[in-house]
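Each remark here refers to the structure printed beneath this line.
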């Protein structure tokens, strides 16, 4: 896996350098851009996989007859963390995409739940969620499925007490995430989609964080890990607090990367608040700029045009304006207070 990551990073760096040079833009560049994008999007998955392999190798886990049970925990826990990452991305960046597709988040969730098919609960509930989420409608079904899954896991007895406690906390985290997701959809958003402006209410961070917490607890609840903690004399409270701390760091990484993407590079100008019109809107100087070139703000463009106009007019325009203003000040009002007695007939006589 390390060799795969090494060659992937080398390939990504080489493609990035090629794109920065802006050579062969008509023939080669259109093929390199999507390839570079795909490799970049696979980095989080490859990196997380390497982390899981590294932990298992360093602690000598997942060997022999424990491979199947260990793999199930790692895959399922990583799936919950990945789902949380997708929720954070959709909260901050996916609103406009969902509007264009005329699709709700629950339609995507229900489709994945149906395809995953963990038992009859996920298969049957996923199909119900797909039906209720058609035409862009919101649905409670995916959240309720997660809640029911958490209830089942919280009541799952294990051979060790510490294992039962950690599985119980995993179930409670999923139950909390499902319940809060229902509250978010039905009461916080009032059955409406998440605003496409990217404005996220703080309450909306609770369900994805609890999913990260649940995934972290489930990954750390394999039989080998539980036996190792029990042999070291670690109680379930200390073990759970370590998992809580790890979940905070993982959620910090997810939110930081999403924030970094949405507020850096060519996305930084899009995240600025405009006046509702064309102020702050970004335009392109050419058609090619829509595929990775630098953008020019309309405000900067207008100010540049204004400066060029002043430079072209020069001092002649200023002189003409001064003459007009002086002529206006010398004008005499007829029939008002500025009457003039030209022939000395006394006050009240005017021309």
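Backbone N, Cα and C atoms are what each Cβ position is placed from, and that goes for glycine too.
Here TrEMBL flags 74-93 (among others) as transmembrane segment. Within the chain, the transmembrane segment (74-93) has long-range Cβ neighbours (under 8 A, six or more residues past its boundaries) at 44, 48, 52, 56, 62, 105, 109, 116, 174, 194, 198, 200, 204-205, 207-209, 211-212, 214-220, 222, 250-251, 254-255, 258-259, 261-262.
Annotation source TrEMBL lists transmembrane segment at 113-132 (among others). Using a Cβ-Cβ cut-off under 8 Å and counting only residues 6 or more beyond its ends in the same chain, the transmembrane segment (113-132) has close neighbours at 79, 106-107, 139, 141-142, 144-145, 148-149.
Only residues 6 or more beyond the boundaries of the transmembrane segment (139-156), in the same chain, are considered here, and those with a CB under 8 A from a CB of the stretch are 104, 106-107, 109-110, 113, 118, 121-122, 125-126, 128-129, 132-133, 164, 167-168, 170-179, 181-182, 185-186, 207, 211, 214, 218. Per TrEMBL, the feature transmembrane segment maps to 139-156 (among others).
The transmembrane segment feature in TrEMBL is assigned to 168-190 (among others). Within its own chain, the transmembrane segment (168-190) has Cβ neighbours under 8 Å at 80, 106, 138-140, 142-156, 201, 203-204, 206-208, 210-211, 213-214, 217-218, 221, 236, 240, 243, counting only residues six or more beyond its boundaries.
The feature transmembrane segment is assigned by TrEMBL to 202-221 (among others).
What TrEMBL records for 241-262 (among others) is transmembrane segment.
Residues or ranges marked as region 'Disordered' in TrEMBL: 267-351.
Per TrEMBL, compositional bias 'Basic and acidic residues' is recorded for 269-311.
The compositional bias 'Acidic residues' annotation in TrEMBL covers 312-322.
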